[in-house]
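Annotated transmembrane segment per TrEMBL: A:24-45, A:57-89, A:101-124, A:131-149, A:169-190, A:219-243, A:255-271, A:292-316, in sequence order.
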Amino acid sequence: MVTSNHSTNTNNHLSKLKNFTYKYIYLVIILIFVVALTILSPHFFSYNNFINIFRQVSVNFILGVALTYVIITAGIDLSVGSILAFAGVTAGLFLRTGGNFIVAILIALLIGSICGLINGVLVAKAKLAPFIATLGMMSIARGLALVVTSGNSITIDNANYTFLGSGNIYSIPMPVIIAIIVLIISSFILRKTWFGRYLYAIGGSHEASRLSGIKVDKLIIFTYTISGFLSGVAAVVLTARLWSAPPIAGQGYELDAIAAAVIGGASLMGGKGKILGTLYGAMVIGIIRNGLNLLGVSSFLQQVVIGVIIILAVFLDKMRNKNE
Amino acid sequence: MAKVLQMKNISKFFPGVKALDNVDFSLDSGEIHVLAGENGAGKSTLIKILSGAYQKSEGEIFLHGQKVEINNPIKAKKLGINVIYQELELALNMTVMENIFLGKLPLSNRAFGTVDFNKIYQETKNILNKLGLDFTPNALVGDLRVADQQMVEIAKALLGNPEILIMDEPTSSLCDSEIERLFTVMNDLKKADKSIIFISHRMEELWEVGDKISILRSGKMITTESLDEIDENGVTTAMVGKEIKNKFPKQKLNIGDEVLKVENLSSNKGIKNISFKVNAGEILGISGLVGSGRTEILRAIFGADKIEEGEIYIKSKRVKINSPNDAVKYGIGLIPEDRKQQGLVLDLNVKDNITLSILKKLAKSGVLNEKKMKEVSKEYIDKLSIKTPNMNFKSKLLSGGNQQKVVLAKWLCAKSNVFLFDEPTRGIDVGAKVEVYELMIELAKNGAAIIMVSSEMPEILNMSDRILVMHEGEITGKFKAEDAKAENILNCAMGGELSGNK
């Protein structure tokens, strides 16, 4: 008994250290990246570069939040990138007619929400697999964006509108401010409201949730609508930053968004995921990309690195869960 | 009789836990040996050691007097030890013969990797015949009834012609006639000098099929005896560690006013023309074979299946129930048979599961009221004496009995008044069973109306005030508890003459 006590003690220390590392592993890993990149590149550790990273990350983060919501319910949304393009070009077309910038924003948000709503109805009511329903919407929204613009980029010169993407408040870029607002609200909803709790319940078990009296269908429709709405938000941020709305904008963004959510601990099986985790996921991708750019690594090789990071991050998370 | 297997001084340590403590176990050839014990007593650990899934920490295993090391499941199979686990492990999308030969498909041509389907068809057919099964080797396993799937699992285990067969609760999803068939098969195997280790939570069947019994409690082997020398009371006492005086704490209660009435109910899942009522303080038992529509009655009332015809009345007022959400509003709670998939969200903690149905009501303009949630959870954890380290404990890790209590707590805090129990004590320990029964009585005392679907005859006979019997979606028998006899109920369940006296 005495010997076993001794070994439990060392075990305890070890597991404490393990727990600590696991708990703050996000910060630890980001810190490692930052230190490594600072040593490797003289341009990396500067205020301007960090602001730059944040700005680049903001769109992916907003879409990552959309995916986090959907993934928690054990769904997936492949259409966020296409919805972004469609919402963006409709807002752009409206601005081109001399329309008010607030109305333009509302149009983008509305278009996004409607696309999301359709996704939700297809999943919850028509019982299509989320992968299929949103794969269809991915093609439809992209096609519509190309149709209404005849494939041409829409130039945006409304200064009020472009401020949202290019302006600063106290030298903080607007995209970062919008991302922070999304972060606070979406995190609050997931953690503090009954709606958030029900999303986790639905992801954990559809059937048990339904048999507990939760209106599962309605909540799922709402979740996809939120995802579409956030795609609209991302559309505004991106097009305002680019001063133009290209119909091919956001291609492949859905994959980055999924990666951000999954690196952040969301489980494609549902029931798991956190907004702060998604922020971490988006930051990891952003920092790596930025660092590799500064180091002059080719964009081809960057893709390889990002892929490895995704697999590694999720693998680490699996190990961590096993440990728990 | 020759000793086939001897396990000596087996211990198994997990971090912080001694799952098995110096356990001896032996098996004769041609013997059906019952292994009994509550959940967590060490039954499955012992079996897993024998089947190579776990490694023993201490002790020795002998087969025919020869010392063996069972390092992995493949080794166990080579040594002639096969296990049929409780959870069926079949590929539902494949045929019976493919499942039976899974992992050992014979090839007709090595180079091309083509499967010799003729051979597996013939061999499967032989095994199925031997077991008296009437489906073809080509049938999709997913299309079979659960009982037949169970038989496929057994056929699969018999394929390697094992010497020792371990059956972990093979009867838990079977109805009585199917159990009879299984017992016949087991007896045939016994005659062929095979040894069977048999685990079951159904007390009454132990004497029907078993020769000997070994009883584990908290990782220790309490006793090994011939089943002729021990009675039910003795077994329970050895398992629980104390005597359970009253297995069915049923009381005669005052029956109050009508709470629930259904008239001519038909659903899209095959129940036809169902009419009955339940009063306050009453327990209505529903018996019948698996697939007879027992569960579907509950699901229809609860709005989980679509009602096609008929009316439901709550306290004499007609109500429309189109979804479980409606049912919850009218004070109906469903305690489903499949607790892990349908009753609980396993990944959520105890507190979240208890408050799952009323979360929205507890919230203020959408924001959760954590304080209220804690208060409510604590209240019901105390009231139902749910054994959990704390309310933030994952429901997945609770014992079956405590999980069932959490489901019940969910409906209690939703202020339900009609409780639909589907197999309320399936997979629950003897001791915890009594607690669940006591809770049901407590509910009835407080004026709740209870419907209890059960496959267990003693439960139906001893806990119900009135009994309905189902056959192919229709009610074929109605009994008062005091006039009900098992054979009459069985007769109705098989579709016999309506022999009930009102």
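Just so it is clear, glycine is given a Cβ too, placed from its N, Cα and C backbone atoms.
Remember, TrEMBL labels are computer predictions, not curated facts.
Highest Cβ pair count under 8 Å relative to the transmembrane segment (A:101-124), across stretches A:57-89, A:169-190, A:219-243, A:255-271, A:292-316: A:219-243.
Counted over residue pairs separated by six or more positions, the transmembrane segment (A:169-190) shares fewer than 3 Cβ pairs under 8 angstroms with the transmembrane segment (A:24-45), which leaves the two as not touching. Through the fold, the transmembrane segment (A:255-271) approaches residues 60-61, 63-64, 66-68, 71-76, 80-81, 200-204, 277-282, 284-285, 306, 309-310, 313-314, 317 of its own chain, all at least 6 residues removed from its boundaries and within a Cβ separation under 8 Å. Within its own chain, the transmembrane segment (A:292-316) is flanked in space by residues 25, 37, 40-41, 43-44, 49, 259, 262-263, 281, 284-285, which lie at least six positions past its ends and keep a Cβ under 8 Å from the stretch.
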